[in-house]
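A.B. asks: Heads up, here are the entries from Swiss-Prot:
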BINDING   16, 17, 18, 19, 20, 21, 22, 23  ATP binding site
BINDING   67, 68, 69, 70  GTP binding site
């Protein structure tokens with residue numbers, strides 16, 4: 001049996017905006033048993049993978065962090081990716097970490113670090129240049145995580161939920177609830193607006209609760225509008241999800257939004273994740289559930 005048959009490499013390249021969580025990400029992959037390397041120069045990537053393939057230790061899962069420090073660095077990474085695409089023994093995936101500019105600025109201020117591309121020391125200058133340099137790479141990425149509203153624990157859980165079971169063929173359906181008042185999730189593939197459904201927020205006893213509470217979920221689900229919407233939505237998704245899987249997409253992010261992300265969207269997100277778990281690996285997150293007011 002050839003080495004190619006024995007030693008295929010599952011490669012995850014972690015990249016994205018500085019300050020978006022790459023350190024937490026690489027630590028998470030270490031916990032999952034990946035061989036991890038931080039800041040490998042792109043020009044060394046093909047040779048590094050050849051060494052991994054020929055290694056007697058037979059490392060099959062590799063995660064690399066690649067930060068950009070200029071146009072030349074970026075061009076070499078694109079060349080390395082093009083070269084890898086011709087190697088049948090490598091299954092590469094790019095995990096791109098992003099966050100809102102305001103969040104990145106806040107994180108830099110909290111850590112008292114300077115942005116690596118900010119010539120004048122102003123974070124926004126470096127962020128703008130980095131976004132420009134990363135635009136093509138983001139377009140090539142199989143996974144894009146917006147960490148704006150994530151704590152380090154949340155990012156770690158998201159990575160573990162996806163990669164602990166994903167060996168290159170698993171298709172993951174991530175269902176997310178959110179509140180429109182806090183902005184659209186930038187990593188969503190599909191967005192559905194459920195603000196037309198009756199709102200438990202206006203019932204005083206339910207206001208401090210969420211869609212994870214039985215009283216709220218029963219209220220949301222009892223209406224004819226809800227039942228008709230669910231019927232049409234699961235029919236649509238039942239058609240779309242297998243098609244996305246056949247096209248080789250590794251994950252799909254379905255975002256369900258209501259006004260505040262506490263009641264209706266949470267109820268529907270929980271329902272959808274439970275409904276499709278019999279056919280797909282599903283993961284549910286509630287982006288804005290902790291922002292609710294308990295007055």
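Quick reminder: no glycine exception, Cβ is built from N, Cα and C everywhere.
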A.B. asks: What other residues of the same chain, not counting 16, 17, 18, 19, 20, 21, 22, 23, have a CB atom within 8 A of the CB centroid of the ATP site?
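C.D. replies: Everything else in range on the chain: 25, 97, 99, 104, 147.
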A.B. asks: Enumerate same-chain residues with a sequence separation of six or more from residue 22 (ATP binding site) and a Cβ-Cβ distance below 8 A; give 'none' if the list is empty.
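C.D. replies: The answer is 14, 15, 16, 65, 67, 97.
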A.B. asks: What whole-number Å value do you get for the CA-CA distance of residue 20 (ATP binding site) and residue 68 (GTP binding site)?
C.D. replies: 13
A.B. asks: Please report the three-state DSSP label of residue 23 (ATP binding site).
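C.D. replies: In three-state terms, residue 23 (ATP binding site) counts as helix.
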A.B. asks: Which of 20, 68 has the fewest nearby Cβ atoms, counting only those within 10 Å, among these binding-site residues?
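C.D. replies: Each of the binding-site residues 20, 68 was scored; lowest Cβ tally within 10 Å is 68.
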A.B. asks: Looking only at DSSP and grouping its letters into three states, which state does residue 16 (ATP binding site) belong to?
C.D. replies: strand
A.B. asks: Under 8 Å Cβ-Cβ from residue 19 (ATP binding site), six or more apart in the same chain: what's there?
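C.D. replies: Once residues fewer than 6 apart are set aside, residue 19 (ATP binding site) is near 99, 104, 107, 108, 115.
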A.B. asks: Between residue 68 (GTP binding site) and residue 23 (ATP binding site), what is the CA-CA distance rounded to a whole number of Å?
C.D. replies: 15
A.B. asks: Fewest other Cβ atoms within 10 Å: which of the binding-site residues 16, 17, 21, 23, 67 wins that one? Let me know.
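C.D. replies: Candidates: the binding-site residues 16, 17, 21, 23, 67. Fewest Cβ atoms within 10 Å: 23.
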A.B. asks: Far apart in sequence but close in space: which same-chain residues, 6 or more away, have a Cβ under 8 Å from residue 18 (ATP binding site)?
C.D. replies: 67, 104, 115, 116, 117, 126, 127, 130
